[in-house]
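*Asks:* After the structure tokens below, expect a handful of questions from me.
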Amino acid sequence: MSDVFNSPQARSKISAAFGIKPTAGQDVEELLIPKVWVPPEDPLASPSRLAKFLRENGYKILQPRSLPENEEYETDQILPDLAWMRQIEGPVLKPTLSLPIGDQEYFPKYYPTHRPSKEKPNAYPPDIALLKQMIYLFLQVPEATDNLKDEVTLLTQNIRDKAYGSGTYMGQATRLVAMKEVATGRNPNKDPLKLGYTFESIAQLLDITLPVGPPGEDDKPWVPLTRVPSRMLVLTGDVDGEFEVEDYLPKINLKSSSGLPYVGRTKGETIGEMIAISNQFLRELSALLKQGAGTKGSNKKKLLSMLSDYWYLSCGLLFPKAERYDKSTCCTKTRNKWSAQSSTHLMISMITWPVMSNSPNNVLNIEGCPSLYKFNPFRGGLNRIVEWIMAPDEPKALVYADNIYIVHSNTWYSIDLEKGEANCTRQHMQAAMYYILTRGWSDNGDPMFNQTWATFAMNIAPALVVDSSCLIMNLQIKTYGQGSGNAATFINNHLLSTLVLDQWNLMKQPSPDSEEFKSIEDKLGINFKIERSIDDIRGKLRQLVPLAQPGYLSGGVEPEQPSPTVELDLLGWSATYSKDLGIYVPVLDKERLFCSAAYPKGVENKSLKSKVGIEQAYKVVRYEALRLVGGWNYPLLNKACKNNASAARRHLEAKGFPLDEFLAEWSELSEFGEAFEGFNIKLTVTPESLAELNRPVPPKPPNVNRPVNTGGLKAVSNALKTGRYRNEAGLSGLVLLATARSRLQDAVKAMAEAEKLHKSKPDDPDADWFERSETLSDLLEKADIASKVAHSALVETSDALEAVQSTSVYTPKYPEVKNPQTASHPVVGLHLPAKRATGVQAALLGAGTSRPMGMEAPTRSKNAVKMAKRRQRQKESRQ
């Protein structure tokens, strides 16, 4: 295609079609194609200005806390459990680990990158080539309809009005203040336990809205939650011969930021350090619990002191989320992501991921369940939702994280929690952890967790990610609500939405646009807003059937006119109708689809960026994926994407690049890859491939630990209110005696051995007295072993069950800075003598800090000198 604006006739036709009237000296192309946008200068691009803005808006800035410098230690010394990994081929642990146990301390800093910027305005350029291709195709249609013109107009408007990028410091700060307002403003956050809820009553609501099953499979059960991370990797066999590695660690995005104290590095680059710090934290916690930590007095002080040493576990990096923003709000709206410290992320993921990844339970496969967790709109998923909407019974609701969907009086409501994460309290997360432990980590009534993990989940993890802190520039500031992006974000948000629906049920399900429904905000301290409402929803959906236009899924031809859609905003999806399949099928909401088409994200996978030819491969993936998620329904967008993808394919083939290898893992290159997870589909869009993608299949069978009440959430809400529901006073069916059944296997074996020994040596009055006393001694020894094992199992289980009911949250108090100039003082990089032996160092090495000047260095603390002397004595004793 030559440039569409080269021809005078084309320019005239474009002017007439789009109402463009260039004056003297103006060009049609300049008026239609937006120029490169240069963002304004960021007004808060310095720590002092950012601190002042936050303080003026009542935002809490914390006294800067320092970190010990990282020092190198041999991996085998720190992680002896994983020494075998250093002997196998392939990706293994590094020979050394860098741990925060140095003899100098520093104030950390983190300066996120914001693009586009005034200096780099074209960091993420719009897809002008796609726009020109669509204009060219538009000109080829003799009598183009308004629908086709709207496609070009919508793409042009998105290029003109929006930009893809990561915002500004001003946008981040404004978002922080808005989150604070949600948490503390007109409907301040409230502790659900003070509203009459209990952990168990909330769990029984979640039994309906988020049913879960145990981790692992029937033929491969998961290991109990009783180990440190390094022992979740189990070697079977011999590293010199045949071996297998059983991996019980959670799936983690290793390309994401590692957080403190490894700013600028990824989790994949610091995986050994992540495991080592997690190991030692849990071991120290376990040791303190055995000493009675968590109770009043000195033992509790020891626990708080340990948590103070590990303060960085609760301090996330505040980075800007790259999105497609309105240019007009570039300085006021930037979504923040709270990047959890890697060990924090790992430990919480060890609780949540094994359960949630193995619980494909939702509205599609469980009667009465309103959950959209793991819902996929393809393969008949969206058609099932439309059938649910069309059914006459109402009111009714669906829920996914901070999204609520209600059908009431034949009106569809899409409701979002307002800045959802800001509504969360530590007690909400405690309830979520209680649910995952008692419902997920349960084997026929036996808890699969110990006291250490229960204490971490219930009493420590909530303080690490809710109302904790974050780092931006050299400022350490408070986080209001939960940090967005932590390993429990989804569950916490889903719990908040569940409470909203519970109150709605207790109010006899009023209309969402009523004042009565709005009053739920004040009652719960949870803010929400109606994002979209569609009246006569059933009538509008029925109209899609006769109005469906010929296309890929209605006749197997390329579309000439778009089929109408109903924009449900169902996790971003709309509905249209396929005559060939006889069902409703998903297309991405039109605004979102054309916005995605306007601004490519580019190759986000850093490991792929360096590959030669990856940019052309990305174009193939991008254009075909746009068609798969709904572009196929819009004639100009579909054809333009098809042409541009073909051009990129030809380029790769001409250069001799192995196209199949590039596209084998195409979902890694697509922002929509998650929607196609688990689908074996070809990337080239054809009527056949689209039909295969949308043809209904039976839903996955559910995996639940306990039956779901088919009466739904309404029945459970009412039963809980009247006290008629099962086991309200109990602990979710986790019974101490049932636990003992599984925990006492060793005791049973010991008793069996004693009985076997007794039978093998009958009581013979003529037997030698020495032999008889030996037999008696063996019997007593076996019985003693059985007794001790039984007692230990009962005590450990009792401690675990007691911990999972605890409402305490343990966190040190970190002082606030009143003067913003003090908070933003450029102390970053300033090195100070270490004030203490950190918990990591003491646990790993049994020693405090070491100084280049020797043991008697004047800058050393008394504790450091004491620990160094102890280490020296230990060293001498080994020689």
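Note: Cβ is positioned from N, Cα and C throughout, glycine not excepted.
Pulled from Swiss-Prot, these are the listed features:
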type: BINDING; residues: G259, L260, P261, Y262, V263, G264, R265, T266; note: GTP binding site
type: DOMAIN; residues: 398-598; note: domain 'RdRp catalytic'
type: REGION; residues: 847-879; note: region 'Disordered'
*Asks:* On a count of neighbouring CB atoms within 10 A, which of the binding-site residues G259, G264 is highest?
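*Replies:* Highest number of other Cβ atoms within 10 Å: G259.
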*Asks:* So how many other Cβ atoms are close to P261 (GTP binding site), meaning within 10 Å of its Cβ?
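*Replies:* Counting Cβ neighbours of P261 (GTP binding site) within 10 Å gives 22.
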*Asks:* Please classify the secondary structure at G264 (GTP binding site) using three-state DSSP.
*Replies:* coil
*Asks:* List every residue in the same chain as R265 (GTP binding site), at least 6 positions away in sequence, whose Cβ is under 8 Å from its Cβ.
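*Replies:* Listed in sequence order, they are S257, S258.
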*Asks:* If the GTP site is taken as the center of the Cβ atoms of G259, L260, P261, Y262, V263, G264, R265, T266, which further residues of that chain fall within 8 Å of it by their Cβ?
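*Replies:* Going along the sequence, the neighbours appear as S257, S258, T270, L317, S342.
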*Asks:* Within the domain 'RdRp catalytic' (398-598), what mean pLDDT does the predicted structure show?
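*Replies:* PLDDT averaged over the stretch: 95.
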*Asks:* For the binding-site residues L260, V263, which one has its C-beta crowded by the most other C-beta atoms within 10 angstroms?
*Replies:* L260
*Asks:* Return the count of C-beta atoms lying within 10 angstroms of the C-beta of Y262 (GTP binding site), excluding that atom itself.
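*Replies:* The answer is 19 other Cβ atoms.
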*Asks:* Measure the Cβ-based neighbour count of T266 (GTP binding site), defined as the other Cβ atoms within 10 Å of its Cβ.
*Replies:* 16
